[in-house]
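Peer 1: Got a structure for you, questions after.
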Amino acid sequence: MRGVILVIIGVVAAPLLGGLIAGVDRRLTAWFQSRYGPPVWQPFFDVAKLFAKERLLVNTWQVFCAYIYITAAMLSVVLFFLQSDLLLILFVQAVGAIFLVIGAFSTTSPFSQVGANRELIQILTYEPLIVLVFVGIYLATGSFKISEVYSHTSPLLKSLPLLYIVLCYALTIKLRKSPFDFSTSHHAHQELVKGFLTEYSGPYLALVEIGHWYEVVLILGLCSLFWATSWTGIIVLVGLTYLCEILIDNVMARMTWRWMLGSVWTMGLSMSFVNLIWLHGG
Amino acid sequence: MLDSFLFILILGPFIAAALCYIVRIPHIRSLVVLTTGCLLAVTSVLLFLNGPFSHTPPPILGVPTHWWVLWADDVLLLTMLYYGFKRRHLFSKILVIFQIVCLDYFELFMVDHDKVFPPFVADNLSLVMVLVISIVGSLICVFAIPYMNKHEAHQKLEKSRQPLFFTFLVVIIGAMNGLVLSNNIIFMYMFFEVTTLGSFMLISHDQTETALRNSVRALWMNCLAGAAFIVAMIWAYITQNTVDAQKLIAAGHMGGIMLTPLALLCFAGMVKAAQLPFQSWLLGAMVAPTPTSALLHSSTMVKAGVYIALRFAPGYAGTFLSQCLTACGAFTFLAASAMAVSQSNGKKVLAYSTIGNLGLIFACAGINTPEAITAAILLIIFHAFSKALLFLCVGDIEQHIGSRDIEVMRGLYARMPRTALIAVLGIVTMMLPPFGVLLSKWMAIEAASKHLFVIVLLAVGSALMVVYWSRWAGVLLSAPYEPRVEPEQQDVLTRLPLLVLAGGAVVLGLCAPFLYSELVVPFLPAPPFTIQAGIFENPTGAFVLYPIILVLALGFVCAVYAAGRARRARFSGPYLSGAQTADTESFEGPMRKPVAVSSGIYCFESIFGEERLTVWFNICGGILLALLIGGAV
């Protein structure tokens, strides 16, 4: 019974929460930039409007890929709420991420193609880091299962401080926030148009948007694991982390992917390694 | 009963090979290959159902089998020596002569042939290998029948060289079956050498300059493996006074002195499986016709290498050798994945991916826990099907479009929709859940989590793997929209193996819990996972296989339905940031001249370029190998 409730929360509440977070994000960004900004509910209106648009396609593969993406994103959130295996959640999430890229590759638009190539680099950059963060959680709790994290008595942040920073790095890339918004970005005013999302349109872009909300919730859920011993801890940690993300997004300029791959791997891998050695030694 | 099973599985292919060579009528040859394939597949299943056994075959024509093996060995080595002289390659000559001297001295003056022990023993590992070899190998042979006809039509040869080709194609299957069923390591060595000679002949088949050069490279590298094998054999005999593999494995725990022969055996296996720094022979094998590559890469030859490491794994559990093997394997996994990213040649991507996956299997053998061994055996099965499928797809595509370059395959879906879809399916089964390769990789990562260096190598390696696979899948589909795509014409014998392998890659992945409990668990001292409702679980983690399959399958059905309905939508050309011309492939530029658009895949030459990295990776691989052997001596 508890399982069913958790699944329902995962499927229904997660996108609502994700949409709300997106609205708050836009509002805060506007505030940073001395603008008034849209209402908090604007992301929902946007998606509703997209659903009402005419279907205009460049090929049918994009439809297929958009559906697989939202299925996988939903499934990964549900697995998170059911306190399943962390690595498994990462792999299921990857199904969606990769099909989104395949859909972008399937069109002949050069903007979409370049965006798809760049999205692969983003995946290449964050995936090993997230695996290492999970390995750290395993070394601290003795299991990859989220249920074991919740039965751990002290906050993970205490034993995995560097890995939390690594996770934040990875999440910034995953959320495609500046300085890591190479493959696509929130505003379509750059050299890349809308990157790998260029050819997704209408209701199918709406699906991709909802899938992205699921992913935001999953990501913040992963952050919450680092202070899973109390509700206050979860809310403070996740709130502060997301505020930092928004701040970084606003104060950083977009860099190049070479810089991302080089700096994030050097920093991320060495920090993870140091933290893993602490755990191994301690 | 067992006698006839073993006869069909091991000697059957040799007889078929002789028929292929003698009877020079194309139709009869095809019939022989087809019959052998079916017979092998059926017999391997029957042998599996018969269960584990140990068996002493009766003398053949009144002569005990070990004499036959010695004679066969001498003939083999002399043939190799002949080719060493013919190609004027000094190093191979030295290696072969060394082997002849050692082997004959060992056989005639050292080994006590009166000792009684069964020369053939099969446990579940051997039986699984026989299944993979016989079924996947046979499918590849069937695919080769129409393929070679087209291949030769293209070459415009005066005299067909097909008899020789099919001879060695089926010989390798027989030799592999022999190798995995042997308990007497002299037998094992003989079959090991047959695969060396077979691969040499197959690689040189086209007789071009590159083919000849690469075949000689394969010859000397595999002879090096053979030489290591024979030294290991003699060393083990001196210390343990037996050539019984079971006894040698059991003796491994005795400590120091037995470790050197085990290290040499692992070395032989790693050379055979083209681990760094010996990857060049397998990359060079790409010049051969595609069925050769498919056979060498998926079910035979390289799998002989990992089989030897897995077979002797209990013997070196918990030693320094085991740790070194893990490091070598994991490093090869990372290095091969990195170099694959820089390739746009489809066959080379496949080759590096094979080397990487074999590295992962070696790493699992080195980790040597029941969990890791499970991962290794499952990976052998799943990898064989998916990799054979992808090779055959590339072979078929190459014959249609005349290139194996991924860029040229751009938009293949518009020209060869069926093959393109099968290839995409093959790629997806190589990297994504819920399919088998990913399941084994999950087991491997969880098993490796306590080894810090190894887990970092595996984490980075798997991310690189995702890059080159998804890029390829995307490019295959990258075609302008057409309302109706005309399916391509294909020979039945081409389509059948493709469909069976694709079905196998999907269905076997879905049957993973069954494969695990029926094939793998009996081989292990203790089952590492419990299975309930299709969920693999142990204290470390849980893989909820069936629920995921259910949800993803639902999503898949919805996606297919939605994509089908979307055909009624309005279609437009892609966005080119300019006024499009009618063909949607170019836009109106200055002076109203059409400007064609083009885009390519990122190959990261400046970071992962083969030329840049090979030297450094080879040096690192060599150091790790030296550590492996030096540490054991």
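Including glycine, each Cβ sits where the backbone N, Cα and C put it.
Curation does not apply to TrEMBL; its annotations are automatic.
Pulled these from TrEMBL:
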- B:6-24: transmembrane segment (TRANSMEM)
- B:31-53: transmembrane segment (TRANSMEM)
- B:120-152: domain 'NADH-Ubiquinone oxidoreductase (complex I) chain 5 N-terminal' (DOMAIN)
- B:126-148: transmembrane segment (TRANSMEM)
- B:182-463: domain 'NADH:quinone oxidoreductase/Mrp antiporter transmembrane' (DOMAIN)
- B:186-204: transmembrane segment (TRANSMEM)
- B:250-269: transmembrane segment (TRANSMEM)
- B:320-342: transmembrane segment (TRANSMEM)
- B:349-369: transmembrane segment (TRANSMEM)
- B:375-397: transmembrane segment (TRANSMEM)
- B:418-439: transmembrane segment (TRANSMEM)
- B:451-471: transmembrane segment (TRANSMEM)
- B:492-516: transmembrane segment (TRANSMEM)
- B:543-563: transmembrane segment (TRANSMEM)
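Quick one: where do these features end up spatially?
Peer 2: Remote same-chain residues near the domain 'NADH-Ubiquinone oxidoreductase (complex I) chain 5 N-terminal' (B:120-152) are listed as 6, 9, 26, 30, 33-34, 36-38, 40-41, 43-45, 47-48, 52-57, 160-162, 165-166, 169-170, 172-173, 176-177, 180-184, 187, 245-246, 289-291, 294-295, 298-300, 303, 307, 310-311, 377, 380-381, 384-385, 388, 392, 395-396, 399, 491, 493-494, 496-498, 500-501, 504, 519-520, 522-523 (criterion: CB distance under 8 Å, separation of at least six residues from the stretch ends).
Panel annotation: around the transmembrane segment (B:186-204), residues 65-66, 69-70, 72-73, 76-77, 79-80, 83, 103, 107, 111, 119-120, 164-165, 168-169, 171-172, 174-176, 178-179, 211-212, 214-215, 218-219, 222-223, 225-226, 229-230, 233, 243, 245, 268, 272, 284-285, 287-288, 292, 295-296, 300-301, 304, 308 of the same chain, lying at least six beyond its termini, place a Cβ under 8 Å from a Cβ of the stretch.
Under 8 Å from some Cβ of the transmembrane segment (B:320-342) lie the Cβ atoms of residues 259, 262-263, 266, 270, 275-276, 279, 309, 313, 348-349, 352-353, 355-368, 448, 451, 453-454, 457-458, 460-462, 464-465, 467-468, 603-605, 607-610, 613-614, 617, 620-621, 624-625, 627-628, 631-632, all in the same chain and six or more residues away from its ends.
Proximity of distant same-chain residues to the transmembrane segment (B:375-397), defined by a Cβ-Cβ separation under 8 Å and at least 6 residues beyond the stretch ends, is recorded for 125, 128-129, 132, 136, 139-140, 143, 147, 289-291, 293-294, 297-299, 303, 306-307, 310, 346-347, 350, 353-354, 357, 360-361, 364-365, 404, 409, 412, 416, 419, 422-423, 425-427, 429-430, 435-437, 439-441, 443-444, 447, 490, 494, 497-498, 501-502, 504-505, 508-509, 512, 515-516, 519-520, 523.
Outside the transmembrane segment (B:418-439), and at least 6 residues removed from its termini, the chain residues within Cβ reach (under 8 Å) are 353, 357, 378-379, 381-383, 385-387, 389-390, 393-394, 396-397, 400, 412, 465-466, 469-470, 472-473, 476-477, 487-488, 490, 495, 498-499, 501-502, 505-506, 508-510, 512, 536, 543, 545, 548-549, 552.
Same-chain neighbours of the transmembrane segment (B:451-471): 323, 326-327, 330-331, 333-334, 336-338, 340-341, 343, 349, 353, 356, 360, 363, 367, 406, 427, 430-431, 441, 444-445, 601-602, 608, counting only residues six or more beyond its ends whose CB sits under 8 Å from a CB of the stretch.
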Peer 1: Going by DSSP assignments with H, G and I as helix and E and B as strand, what are the residue counts for the domain 'NADH-Ubiquinone oxidoreductase (complex I) chain 5 N-terminal' (B:120-152)?
Peer 2: 29 helix, 3 strand, 1 coil
Peer 1: Between 0 and 100, where does the mean pLDDT of the domain 'NADH-Ubiquinone oxidoreductase (complex I) chain 5 N-terminal' (B:120-152) sit?
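Peer 2: Its mean pLDDT is 91.
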